[in-house]
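Okay, structure first, notes after.
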Amino acid sequence: MAQENENENQLTESSSNNNTISELPGRPFGITMEFPLFVTMLAVSLSGTAISNIILYRTCVHSLNHTVEECRFFLAPERTNETTKLEEEVQKYATFVQTVKIVIESIGPAILSMFLGVWSDTHGRKPLVVWPLLGVAMSSILVVIYSMMEHLGPWWFVLTAIPFGLTGGFSVIFTGAFCYISDITTTKTRSLRMTILEAAVSAGSVIGSLLSAHLLKAIGNVYLLLLVASLYVIAYAFTNVHLRESLNGALPGGICSVLDILLVKEMFRECFKRRPNNLRTQLLLVTVANSLSVFMLYGLFGLSYMYTREKLHWALKDYTQYSAITTTISFTGSFFGVAVLQKYLSIGDLAFSIVAFLSTAAEYTVKAFAAKTWHMYLGSAISLFGGLSSPLLRSFISKIMPVEDIAKVFALMCAIEGISPLISPPLYNTLYEYTITAFPGAIMLLTSVISTICAVLLCFTVYYRWYANEPTYEPLQIN
């Protein structure tokens, strides 16, 4: 019996030594996740509206059997009156294709996210970013091939989602990135560092939006998508070669070690066990609020462009300019909010997140009833701090949870977020399809209502914080 206890102690000690989370020596603020995520979002923004135009064109020609001459205007960077009579019919079919593609792309992440958080506590955070970047690079190459084969209809585009979906998608990428940042920062610098990561994402989106229409006119669809594929390959190569593992003593592990049901059981056990000061309730409220913000993001993905085409008769150039300015506003507000307001006014993560959700609710209420171009810009200006909710909520969770449970909680958030793309696109696209004639802004009002619900959930969390005793867990101090 004594020998058995001794072996157990040795195993525990070995496991502890192999899974030590510590800041990378010599470069606490060096470039880590910022560059690959910047390049990835740059590629997403460069290709997004161009792909939408290709799907509209292929739908018009192959699925609805209109002539090439009638449909070719869907490929133009600038909107013309030639597509007005076809717009509603083509958009309804194209949104259905996009919905199926997003659902297929999301099944893999929804399953993998339940395993990978706990798995990364042993095998490291780096694979959570490297694998999906390899998948998105492969998917982007398939998109290039699809764009070159003009005889393929819109449904063939759906197949390009398979590699990215099977390797984890954006849910796993961002879970790995936030876990990595949590590993290498202290509680004092975590909010700022996570906001810098979000800023890198925003910067990639801004630059991509600004360049998209110009590059499309200069080099065409195929070469633009080839450039995008090259950017994904660069992001993968940087992460795979340059990035160092944040978990000291991480053990090698392949895909077979991921699909272990014990990992899921451990995640749910740790996330749902009773904790002092209603901490479990706080955790679940924050997790639901954060997941609903992702729900809105996936729901509006692709529809915002369709909405502005239908409601305001925008062209690709108009939308990319709007997208760039909107992202710049969000980036400026987020950085100013964390670096200045939160630092000098001592505003808590929860309070600022409530402000962010309420401003988002106001933003989409304005956009729902937009009748002129400036109304869309007004809505974006109102939501100056709207982009702060996600990094601040993750920062809040990393501060109130014991360090050994942070990755498990992030994995739970990732798992719930992974389900969002399976539900929100069908919901949003169905709503848009049925209201496109009478009131296309219904999707914006739905987003406003969900944002308000998120703010209410966080108000309940604040209530529990007020009546909590002294914190039970000591924050991780990194030397």
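Keep in mind that glycine also has a Cβ here, set from the backbone N, Cα and C atoms.
Note that TrEMBL annotation is computational and uncurated.
Of the listed segments 90-111, 376-397, TrEMBL assigns transmembrane segment to 376-397. When the stretches 128-149, 194-216, 222-239, 409-428 are ranked by Cβ pairs under 8 Å to the transmembrane segment (319-341), first place goes to 194-216. If you look at the transmembrane segment (194-216), the same-chain residues 6 or more away from its ends with a CB under 8 A from one of its CBs are 33-35, 37-50, 77, 177-178, 181, 224, 227, 316-317, 320-321, 323-324, 327-328, 330-331, 334-335, 338-339, 387-388, 390-392, 394-395. Counting Cβ pairs closer than 8 Å and at least 6 residues apart in sequence, the transmembrane segment (222-239) and the transmembrane segment (376-397) reach fewer than three and form no contact. Residues 178, 182, 190-191, 194-195, 197-198, 202, 283, 286-287, 289-290, 293-294, 308, 312, 322, 325-326, 329-334, 337-338, 349-350, 352-353, 355-357, 359-360, 362-367, 370, 406, 409-410, 413, 454 of the same chain sit 6 or more residues outside the transmembrane segment (376-397) yet have a Cβ under 8 Å from a Cβ within it. Beyond the transmembrane segment (35-56), the same-chain residues lying 6 or more positions past its ends with a Cβ under 8 Å from any Cβ of the stretch are 74-76, 90-91, 94, 97-98, 129, 133, 136, 140, 143, 147, 154, 157, 173, 177, 197, 200-209, 211-213, 215-216, 221, 224-225, 227-229, 231-232, 234-236, 238-239, 243, 302, 305-306, 316, 319-320, 323. Taking every listed stretch (128-149, 155-182, 409-428, 434-464) in turn, the largest tally of C-beta pairs under 8 A with the transmembrane segment (350-370) is reached by 434-464.
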